[in-house]
Structures are given as C-alpha cells and as structure tokens.
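First the structure, then my questions, so here it is.
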Amino acid sequence: MTAARAGALGSVLCVLTGASRGFGRTLAHELCPRVLPGSTLLLVSRTEEALKGLAEELGHEFPGVRVRWAAADLSTTEGVSATVRAARELQAGTAHRLLIINNAGSIGDVSKMFVDFSAPEEVTEYMKFNVSSPLCLTASLLKTFPRRPDLQRLVVNVSSLAALQPYKSWVLYCSGKAARDMMFRVLAEEEDDVRVLSYAPGPLDTDMHEVACTQTADPELRRAIMDRKEKGNMVDIRVSANKMLDLLEADAYKSGDHIDFYD
C-alpha cells in the first residue's frame, strides 16, 4: 500500500460478504486505507464473534472508517433481508461510491463425483447460498441505493478459474461459479451505470483450500492441489486482494469481465 493510493477509492459505502475469514477478511483490511474518512464498511458473515473481532480491529486501525457488521445466514431469505435492512439503515450519506463485494461462497461436497449427486435437495441448498443469495442480495441493494448522478455503483463477484474450467469432483463448485459469472455479466448488460467485475483471486491458502486438499475425490486433482501448496506456489492473499482493489481504482476493465489474478 503506497501513500499515493491512500483514499484513492474516495468516499465509499461498501457491503462485503464472507467478511469474517479468508479472502474477505483480508479485503476488509486492505480496503480501509484506500477509502476516505467517513466511508462506511458493512461486514457480513454468519459468525457473529468473528465479525465483532474484525470490526474492533478495523475500528482501532482505521478510526476514520465507520465499520458496522451484520451476522446473517445468506442461504436464507431472512439472512438476505437482514443484510439489506442493515445496509439501508446506514444510508449512502455523502458516499460517492457504492461497492458491493460478493465474496461469500462455499466449495460444496467435493468428495463425490457427478454421478453421486442424486438428491436434488443437496444441489438446491448449495445453489441457494452460492447463486440465489448473491443475485437476490445484489438486486435488493441496487434497489435500495438506486442510480443517481453523484453515485458510482460497483459490484464485484469473487470468482474462480473453476468458473471457466471443469474440474473432476467439483461439479457443484464449478457450476456455481460459472452461473455467478454469467449472472453478473447479465447485470452488466442490463444496468449501464453499474460497473461489474468478476475477479478470480488465484489459489489462496484458506480453509476452503484445505478442504480441497483433503476431500477432493479425484486423486489426480487432489495431488495437484497438494503439490502446489507443498512447492509454495500459492498466491499471497494480501497481494491478490490488492490486485483486485487496484483494478477497481484503475476502472479500465470492461463491465462484466472475468479477470484472473494471473491476467
């Protein structure tokens, strides 16, 4: 983080899902220095204690940023509604940017192959959290903070190479990520004032990666994932978070584009 970038994103109202750990937690820390004092960050996750702790950390380190949190299960209608209510109570105020970061997501059951998924309920539950939730949350937030001349609206979908490339035993994860990418491409086509970015952060050393290492059913893929970690070929999570924020600052991407860390 250089001095030249401090406050570069301006006055922002940001809603960040999946904020309590992993990439979301890192994004929260890296975003705060890039916004102007008086900006607001709404942290969303299922885990109340982790959110409280993160909010306290950020409040101490960045006293000029107003940090709020909402503990919500985004796989439910109630959780989405609670998040929208929390955002509405903040109001946009003097913010010149609305930034919605859809980071919450899960890898699903990677211990099974395609032919093992015979229960529709399991697939439906996965898609509720990973596809339906970001669609309904983003739609509701865009309605809550409608188009106005002095407000730039940005939507980020935290994506994956799995949105573009099939991986054996990752049928839920690949399908969910592909659906999300297309969903947000449609948003970019429909709303010409909304800047939309699907960003794939690369292989990160997170809890999700640990699940992939230990539970992936396909032995070749599992070995490749483990080898990458053992050889130190993971992406630094802070570097990836800052690349995403650099992309938002530069604002040079085509709305709806999928951009990978390695691009």
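Cβ coordinates come from backbone N, Cα and C, glycine included.
Not measured: the values here are computed from a predicted model.
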Per Swiss-Prot, what member of Gly79, Gly202 joins Ser160, Leu161, Tyr173, Asp260 in binding substrate at one site?
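Answer, per Swiss-Prot (substrate site with Ser160, Leu161, Tyr173, Asp260), from Gly79, Gly202: Gly202.
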Pop the Cα-Cα gap between Asp73 (NADP(+) binding site) and Asp260 (substrate binding site) into the table, whole Å please.
28
Using a 10 Å cut-off, grab the number of neighbouring Cβ atoms around the Cβ of Gly18 (NADP(+) binding site), all chains included.
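Taking all protein chains shown, Gly18 (NADP(+) binding site) has 22 Cβ neighbours within 10 Å.
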Determine, to the nearest whole angstrom, how far the Cα atom of Leu161 (substrate binding site) is from the Cα atom of Leu204 (NADP(+) binding site).
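That comes out at 12 Å between the alpha carbons.
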How many whole Å apart are the CA atoms of Gly24 (NADP(+) binding site) and Tyr173 (substrate binding site)?
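Approximately 18 Å lies between the Cα of Gly24 (NADP(+) binding site) and that of Tyr173 (substrate binding site).
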At the Cα level, what's the spacing in Å between Asp207 (NADP(+) binding site) and Tyr173 (substrate binding site), rounded?
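Answer for this pair: 15 Å between alpha carbons.
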